Amino acid sequence: MKVTTVKELDEKLKVIKEAQKKFSCYSQEMVDEIFRNAAMAAIDARIELAKAAVLETGMGLVEDKVIKNHFAGEYIYNKYKDEKTCGIIERNEPYGITKIAEPIGVVAAIIPVTNPTSTTIFKSLISLKTRNGIFFSPHPRAKKSTILAAKTILDAAVKSGAPENIIGWIDEPSIELTQYLMQKADITLATGGPSLVKSAYSSGKPAIGVGPGNTPVIIDESAHIKMAVSSIILSKTYDNGVICASEQSVIVLKSIYNKVKDEFQERGAYIIKKNELDKVREVIFKDGSVNPKIVGQSAYTIAAMAGIKVPKTTRILIGEVTSLGEEEPFAHEKLSPVLAMYEADNFDDALKKAVTLINLGGLGHTSGIYADEIKARDKIDRFSSAMKTVRTFVNIPTSQGASGDLYNFRIPPSFTLGCGFWGGNSVSENVGPKHLLNIKTVAERRENMLWFRVPHKVYFKFGCLQFALKDLKDLKKKRAFIVTDSDPYNLNYVDSIIKILEHLDIDFKVFNKVGREADLKTIKKATEEMSSFMPDTIIALGGTPEMSSAKLMWVLYEHPEVKFEDLAIKFMDIRKRIYTFPKLGKKAMLVAITTSAGSGSEVTPFALVTDNNTGNKYMLADYEMTPNMAIVDAELMMKMPKGLTAYSGIDALVNSIEAYTSVYASEYTNGLALEAIRLIFKYLPEAYKNGRTNEKAREKMAHASTMAGMASANAFLGLCHSMAIKLSSEHNIPSGIANALLIEEVIKFNAVDNPVKQAPCPQYKYPNTIFRYARIADYIKLGGNTDEEKVDLLINKIHELKKALNIPTSIKDAGVLEENFYSSLDRISELALDDQCTGANPRFPLTSEIKEMYINCFKKQP
């Protein structure tokens, strides 16, 4: 079927599409056999095709076109023979990723007059390798040779089992038919002039185009001159210069200019005389672009066209010019063995000239430099950086270099050279089979790796302090910096530690000015003292403020260059955070000795710090801040005030509940959280009433607090903590009370099976928070027949516990004035949404929902 009209093109396209549909079901083995035999056929016909191309177009050299045809068959086959292009091409079981290659459909292949047969071979082979059909639109001046090449490949492919009509062509090409083909095919491979490529991109279908070349090459004074000149002549004379990547201008440094010029003449170049330049200019450039009559002609022929007598053996014509402007014909792409030569005062001047020439024409295409790769590395790097070209060659003939797999074997062989966004293309490399494939990615569900990280050593038991601290001697520690506040200091706890340190022959310094909250100003002051003392051990003694302070002091002591603002940057996933905490432990270790049963900070990576300038509280979190050693000695908790016992105990309860229902909860944290909850409900009331005398209750609460800390350190906390931190910061309420005021309302909010918003990436398969709250109720034996009943019983149990501990019922009862509450409501609601803890909550809240919960907690009646 001949194609000479739109109707015939439609009919042929339909036939090719049917063939491609069959071809798309072929296996990799079948495709590879077809690919191999088609390449063999191209190689067998290389001389016949080369002769046909030169005879028809009058361009280039038969001998070089033979090489190009051979290259298009052999090198393309060798490069891609083992590449997977059919079906599953990649399978990663651990990551649950499968990649599947599918053909695009029918490729519209636009063929240039300069390289008709080799380009046809290339595009046919990469289309067959990818199970695509291909429909050629030859250049009118190269239609016979293009069709001959296409038919050669088609016959071999069909003989090897490919569907008939998998390759087609336009017999009488025209602009109308070419444009129509580009509109109807699935993708266009456009190799040709700027107007044709622009038309392909405007067709309404995907297109891979090329761009014009205008390759500048610098010869540096460090270059091997003979190699540089020989390489440029090799490239420039290849097929009479029709390769778009061939050198168009050579820029030579002044210090070696005459040597280079002499070498060119020695190698057969003709240096155009000054009085001959205008004659050549008139011949090589017509109507603002290269004269088609010189394309692919020999240097001798072009000289004759200009009326200049040169030896028949002349290899290239060189015009010594100075202008870099658009008006200078030598400054443009010439597609023939005609070369411009510029003299540069120095390398900087050469670089400027090269940049100007690329901007004049050839953006994105190719550039080159000849320089010593060792001695002139800085110049090569500067050239590479300055050139807006996707191919920059060093000591390589650019025609051969751009073709690929020659002189550098990581450049893929190709006859369609993408020029990137600089050149108006979407491809910034040599085009190959991968550009003719749809890659489907099948992603199977995988869960993120979880972890369980706690201090290296956790010592516990009533009276264990003196035995645990003996480890410091074994670790050869010599200087300890104690961080505490006035309460434990006055209670002689510090004296107890000092006696142990003195017995161990460890020098010490005490900082006892930590306030009710860990604040940045105090921390920085303490860090200065710490830096002067230069300890190898930091001992945190106290509760959350002391632990938080010591953790941040540790960071600032070991890394004074860090900024608090960076440490406070929030993250969605602790493993993917933008700011990475520095490694700790090179200067000192951190020993955390808790004197209260509350947050469990002695085993967590958390630090709650207040910025004195803004009054805002920040929850810092990073496992680098996890203490190296934790000591949980209930003897240090016997004298805790009743109020602190109540607030810190409820804090531990909320930690446990939120860790158990967190989106990061795991089998490793669940057991700790549940047992901590049981212990708290059982022993907190007794510790509150008779804590100074009930050793068992104190010790059980100490265990519960630390277990809750371990659970929350690895499962993280939730919305109750987000809201409590902001409420505490704004209205000066202790964080334990703030958590107590909010927890019941948060449980009600979370306890739904159809939340308005789910957490972004939970570990659970579906919302099951009601079930999890019910399991807590079951674990502490509250009864109830349904999960909903059990949730209500849990809320009631918490309410009863708070009542027994004399904790306020509402925010209002906690002393917050109504006017102050409502004036801050919008702000703290928004801040709570953005808090670090919110992301781990099982139900993701809206700001309006947070606001509503705050209001409910403010108005709540006893």
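Quick reminder: no glycine exception, Cβ is built from N, Cα and C everywhere.
A C-beta separation below 8 Å, combined with a sequence spacing of at least six in one chain, links Cys244 (active site) to Thr114, Val210, Pro212, Gly213, Glu333, Leu335, His365, Thr366, Ala402, Leu417. What Swiss-Prot lists as active site is Cys244, and the listing cites similarity to another entry.
Annotation for Phe421 (NAD(+) binding site): same-chain Cβ neighbours under 8 Å, separated by at least 6 residues, are Gly364, Ser428. Here Swiss-Prot flags Gly420, Phe421, Trp422, Gly423, Gly424, Asn425 as NAD(+) binding site.
Ranking the binding-site residues Gly420, Gly423, Gly424 by how many Cβ atoms sit within 10 Å of each one's Cβ puts Gly423 at the top. Counting Cβ atoms from all protein chains shown, Asn425 (NAD(+) binding site) has 24 others lying within 10 Å of its own Cβ. If you draw a 10 Å sphere around the CB of Trp422 (NAD(+) binding site), it holds 18 other CB atoms from the protein chains shown. For the recorded site, Phe421 (NAD(+) binding site), the DSSP three-state label reads helix. What surrounds the NAD(+) site, by Cβ distance within 8 Å of the Cβ centroid and not counting Gly420, Phe421, Trp422, Gly423, Gly424, Asn425, is the set Gly211, Leu363, Gly364, Val390, Gly418, Cys419, Ser426, Ser428 from the same chain.
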